[in-house]
Structure formats: structure tokens, C-alpha cells
Amino acid sequence: MGSGWVPWVVALLVNLTRLDSSMTQGTDSPEDFVIQAKADCYFTNGTEKVQFVVRFIFNLEEYVRFDSDVGMFVALTKLGQPDAEQWNSRLDLLERSRQAVDGVCRHNYRLGAPFTVGRKVQPEVTVYPERTPLLHQHNLLHCSVTGFYPGDIKIRWFLNGQEERARVMSTGPIRNGDWTFQTVVMLEMTPELGHVYTCLVDHSSLLSPVSVEWRAQSEYSWKKMLSGIAAFLLGLIFLLVGIVIQLRAQKGYVRTQMSGNEVSRAVLLPQSC
């Protein structure tokens, strides 16, 4: 925040201590009350247009406001009229309030922009069918885009190089709660052998759009691919089991030299009593 802004607001709040008596003379005043000052900066197109607004609130009711577009304090209720008139008579307060557009808003924008509006995170793109794909059978193809920032993103579907628009559905950007977004764009399809579906993602964090393809295959090709994956995983499991057995077996042997010949001699591990 600008160096002069905090003392200025504090001074106004201290000045508001007279509010309890001036606003409630001749009325039943509450024993407890709350006075608040809330400052907001509104930016349009970066810092091209900046608006600084301070709201003064008494017991949840806004009664005086300073708006940099107006350039003065405005009473929003009858009870706020005395304070607005007094503060508008203070030329130093008016000038400091008007300067807050640069001293507070633009200053804080420059400090926060690198990790807020300037922050960019590239998306991860995955394409998969909703159900096991079969030729000539209606299905839904998902393009899942996750972990991107900012939330503005363009996702398109193509079939054999031609953009598909009529059968496209989207969840829209969903906030993850960690300053990233996710979305799923779905395409209704009836795959034919040789069809190539492409999800094209364009985002400000990318130097060029990212495309992920999904190709329609015959049932035989699909089952063959699944069988290949299963065989690979099974072979990997057997390999790991073999390595573990070999490592355990080697723990019970040492290698020594006898008469120039290398032999292996079993070594019994000590047993506890």
C-alpha cells in the first residue's frame, strides 16, 4: 500500500469516534457499534483505467463513500452528511484520496501482477473414451484439460482435420482451489475404422496450441492392444520378483580365493539363541 494511505484511513476512523454522539443525539444509541473502512481498487485493461473506492460503514450500513471517479466524499445516508461535508472541506484529505489511484492502486498492481495477473501455468491434456470403444457404436470422447492458469482457454475438436461444433459439450472452467482450473470438453461420436479425432487446446501459457489425437481401431486391434499391455505388466512383475529372489540369495554367500581357483562357499548366518 502507499505510504500515506494507512495513516489517512486511521485518521478518518479516529475522527469517526465522534460519530456515536453526533449521529445518535436525541435517539436511543446502541451500547456496541462497529465502524469499518473498506478500500477497493478496480482495474480495467491492466492499469489503463483505475478506480479507487473507500466505503465507510456504521453497523453494517454504508453511509459515506469516496470514489476517485467523483473526486470527493459522498454521503449515502442523511446521518453521513456531516462527515462528508467536513472531509470535503479538507483539501489535504481530498488530494491524498485522489492520489491513492497511483499511490495505492497502481503501486500495488505492480507489486502483485507477477504472481497474479501475470501468472501462467500450462495445461495437461488427456483424451479418452467414456466407454470401451466399439466401431459403429455411439460413444463420448473426453478431452480432459487440467492444471492451467489463467482460466481463459480455447478447446476445439476435429474429425479427420475438420472442426466439429454441433456435437460438443463442455463443463466450463472449474476452479481447483489452488489457483488452477480444469475443464472437460466432450464430443459425441460414432467411430469408424480409420477415423482420427483431435483435441486442440490453445492457452496463453503455451507457445503454440497443443493437440492430442485419438484413433478409432477395430475391436480386434483394441483387444490386441489391451492384451499387449497386460502381457507387459505381467512380465514386469515376474522380472521384479526374480530380481528380489536373486538379491536375497546373494546375501548368504561370500567369494574367496583357494589355490588360485575362485570358488563359492556357503556361509551360515549367525542365529540368535
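Just so you know, glycine gets a Cβ as well, placed from its N, Cα and C.
According to Swiss-Prot:
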type	residues	note
REGION	27-120	region 'Beta-1'
TOPO_DOM	27-224	topological domain 'Extracellular'
DISULFID	Cys41-Cys105	disulfide bond
CARBOHYD	Asn45	N-linked glycosylation site
REGION	121-214	region 'Beta-2'
DOMAIN	123-213	domain 'Ig-like C1-type'
DISULFID	Cys143-Cys199	disulfide bond
REGION	215-224	region 'Connecting peptide'
TRANSMEM	225-245	transmembrane segment
TOPO_DOM	246-273	topological domain 'Cytoplasmic'
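On the structure: features taken from Swiss-Prot.
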residue	record	contacts (Cβ under 8 Å, 6+ apart)
Cys41	disulfide bond	Val50, Gln51, Phe52, Val53, Val104, Cys105, Asn108, Tyr109
Asn45	N-linked glycosylation site	none
Cys143	disulfide bond	Val125, Thr126, Val127, Ile155, Trp157, Val184, Val185, Met186, Leu187, Cys199, Val201, Val212
Taken over the region 'Beta-2' (121-214), the predicted model's pLDDT averages 95
Secondary structure composition of the region 'Beta-2' (121-214) [DSSP: H/G/I, E/B, coil]: 0 helix, 55 strand, 39 coil
DSSP, reduced to three states, assigns the residue listed as 'N-linked glycosylation site' to coil
Is it possible to list how many residues within the region 'Beta-1' (27-120) are helical, extended or coil according to DSSP? 36 helix, 31 strand, 27 coil
